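Trainee: Below is one structure. I have some questions about it.
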Amino acid sequence: MGFLQRPVVVTADINLNVVALTAVGLLSRLWQLAYPRAVVFDEVYYGQYISFYMKRIFFLDSSGPPFGHMLLALGGYIGGFDGNFLWNRIGAEYSSNVPVWCLRLLPALAGALSVPMAYQIVWELGFSPCAAMGAALLVLIENALVTQSRLMLLESVLIFFDLLAVLSYLKFFNSQKHRPFSLSWWFWLTLTGMACSCAVGVKYVGVFTYLLVLGVAAVHAWHLIGDQTLSNVCVLCHLLARAVALLVIPAATYLLFFYVHLALLCRSGPHDQIMSSAFQASLEGGLARITQGQPLEVAYGSQVTLKNAFGKPVPCWLHSHQSTYPVIYESGRGSSHQQQVTCYPFKDVNNWWIIKDPRRHQLVVNNPPRPVRHGDIVQLVHGMTTRFLNTHDVAAPLSPHSQEVSCYVDYNISMPAQNLWRLDIVNRESDAEVWKTILSEVRFVHVNTSAILKLSGAHLPDWGFRQLEVVGEKLSRGYHESTVWNVEEHRYGKSQEQKERELELHSPTESDISRNLSFMARFSELQWRMLTVRSDDSEHKYSSTPLDWVMLDTNIAYWLHPRTSAQIHLLGNIVIWASASLATMVYALLFLWYLLRRRRKVYDLPEDSWLRWVLAGALCAGGWAVNYLPFFLMEKTLFLYHYLPALTFQILLLPVVFEHISNHLCRSQLQRSLFGALVVAWFASACHVSNTLRPLTYGDRSLSPSELKALRWKDSWDILIRKY
């Protein structure tokens, strides 16, 4: 019990620089955070998803995974938001039930904490506290970073996790030198993987920083393998630890985001139709109310609706009606004048078809039912007109290289019926697979011509009621969703008489068989839809190209006060932007120069300084490159805020280059003093520009026409003057 007689003493090292930077970062981002109390630019976009979370309604956003949206929704949950707000207009005043401060809190905290993290990254790279403080102050005063982090937007959150991933890896790397496999070593290595996963979970572009960290880690691991002081077992343990922390844990964390996302969004919503029938049936309400209790196995005599898996240009169902194809098309080509078969994007009684056994006449299900299996030959009978689905060697209306699909009408003109179809279950596990409602993805292969039933996606003219064309694809080009169909609604036919059957088609199903997709099936489908569904990429008046970003040749008007000239613009500090680009060029030239001289056995830098210089370039210049250059390959509408993650890495490189020039290129104390004075003057000018742009960053002060004119930067600012 002797330890009770001694006081318990806890010592801690506190970096006051980090504490001070955290405080000023919080002050700059949280100051009047609830102002303006109106929808600002893309808040109209993210706010809708927050409302969906509050009401647990399923949605799909093709711009990125759900983790960032869930963080914004967490702010709404903390503030008690009920989701009742109409996010339909930029500038709309928030109602009293919208907790604006809470909704903007997490992005603001992410932006504030990025300031001390910038300090820590430069410090961990081995540079001086002065350089680290310079990087943090530049992140602090950069106007575009301040503006973006004070709104309900995701770029500041993405930047936070990008920086956290780099910082965690640097701390792990430095722990590797002294305390491998220690508790802190494991903590920073695991945190690196989780931060990378979080960055990808916020926006897909976070994968570029993840790949950068993986690349640096792979190089370090390669050097580790060559370390002869380590045993083979020790090297293997190092590699396994990195594989688990940087590959397995990020993958598991990424899956966790979607698990929580799908667990929260359990109700049917406006984006349901983008998903498959099976996915829709797993949600409460919507299709689940229609399909609940349907028979699972499709049998001869089953009444079904067939939905096309392609879903483009809109989700639709195989459909027919009594109207026929025109005898002569406008182009002069002739048709079979048979009954039209289309794909109709709405629920309709004419979407029902009966699966018939060609060897029997009955259109009802036997007792017990005879299930339809892969490879069976079937006929599809249109429920309301009792005509058979047919195709033949007649050109389709809008796709002359494909066959026309129709419901056969016997005109007694020597055109025989060709209405036999072979069922091909695409996702079968065996050749004896039974055709299942919702779950089976099937193709219909025409027996006579081997054509495959396909949605062409073209809109028919007025004679086809603007519905979508269905054709027989003669030349199979492999698997494509446009040739795949699934049974969405299903009932067992009970009546052989047509009038009774028509009444039956209008009635709800009665059987009770439930089906729920597994999490992995739902995750895979949702992930695929997010990657393949394209949003509207039409030009926006504030869109820009990557070339416009580097020298700040563009800006975005985020908000304008309806009664005064107060406004918020996404506009960067031109001194910082131009200097950061120049520093990147200087670094690249110096790196190549040193590399060439080292090839000639001339070593201008000590080995530790060289390794520090290379690592700083790999993470900072590399971070800029991987977060900027891929945008040149993207076919999407781009905005200035897409450049902010790349800019942040450039800012980290700026004081590194300054310190390198001072320590290694300035030969005398006088040169160092002059260069130091030049850097101080440069920083003062950056602070002056930041303060000058403050009214456009916070939007809390009205500006006169002369003040707006003074703030103009190049021709892109003309829009501000024209308004006044």
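Yeah, the Cβs are placed from backbone N, Cα and C, and that goes for glycine too.
The following feature annotations were taken from TrEMBL:
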TRANSMEM  57-78  transmembrane segment
TRANSMEM  98-115  transmembrane segment
TRANSMEM  122-141  transmembrane segment
TRANSMEM  153-173  transmembrane segment
TRANSMEM  185-202  transmembrane segment
TRANSMEM  208-226  transmembrane segment
TRANSMEM  233-260  transmembrane segment
DOMAIN    295-358  domain 'MIR'
DOMAIN    369-426  domain 'MIR'
DOMAIN    430-490  domain 'MIR'
TRANSMEM  574-596  transmembrane segment
TRANSMEM  610-633  transmembrane segment
TRANSMEM  639-661  transmembrane segment
TRANSMEM  673-693  transmembrane segment
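Looking at the shown structure, can you explain where the listed features end up?
Mentor: Sequence-distant neighbours of the transmembrane segment (57-78) (same chain, 6+ residues past either end, Cβ-Cβ under 8 Å): 46, 48-50, 99, 102-107, 152, 154, 157-158, 198, 200-205, 254, 257-258, 260-261, 264-272, 274-275, 283, 526, 529-531, 533-535.
For the transmembrane segment (122-141), the list of distant contacts is 17, 21, 24-25, 28, 114-116, 167, 170-171, 174, 573, 576, 608, 612, 615-616, 619, 648, 651-652, 654-656, 658-659, 683, 686-687, 690: same-chain residues at least six beyond its ends, Cβ to Cβ under 8 Å.
Under 8 Å from some Cβ of the transmembrane segment (153-173) lie the Cβ atoms of residues 41-43, 46, 64, 68, 71-72, 106-108, 110-111, 113-114, 117-118, 120-121, 124-125, 145, 184-185, 188-189, 191-192, 195-196, 198-199, 202-203, 205-206, 209-210, 213, 216-217, 220, 619, 623, 627, 641, 644-645, 648-649, all in the same chain and six or more residues away from its ends.
Counting only same-chain residues 6+ beyond the ends of the transmembrane segment (185-202), those with a CB under 8 A from a CB of the stretch are 64-68, 71, 154, 157-158, 161-162, 164-165, 168-169, 171-172, 175-176, 179, 209-210, 213-214, 241-242, 245-247, 249-251, 253-254, 257.
Residues of the same chain lying 6 or more positions beyond the ends of the transmembrane segment (233-260) and with a Cβ under 8 Å from any Cβ of it are 65-67, 70, 180-181, 186, 189-190, 192-194, 196-198, 200-201, 210, 213-214, 217, 221, 224-225, 227, 519, 523, 526-527.
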Trainee: Let me spell it out: take the transmembrane segment (610-633), skip the flanking residues so only those 6+ beyond its ends count, and list any with a Cβ under 8 Å from a Cβ in it.
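Mentor: That would be 121, 125-127, 162, 166, 170, 205, 208-209, 211-212, 215-216, 546, 549, 584, 587-588, 591, 594, 598, 603, 642-643, 645-650, 652-653, 656, 660.
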Trainee: Between the transmembrane segment (673-693) and the transmembrane segment (574-596), are there at least three Cβ pairs closer than 8 Å, leaving out pairs fewer than 6 positions apart?
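Mentor: Stretch pair touches.
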Trainee: Go through the chain and flag residues at least 6 beyond the ends of the transmembrane segment (574-596) whose CB is under 8 A from any CB in it; none is fine as an answer.
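Mentor: For the transmembrane segment (574-596), the list is 138, 141-142, 550-552, 604-605, 610, 613-614, 617, 621, 624, 647, 650-651, 653-654, 656-658, 660-661, 682, 685-686, 689, 713.
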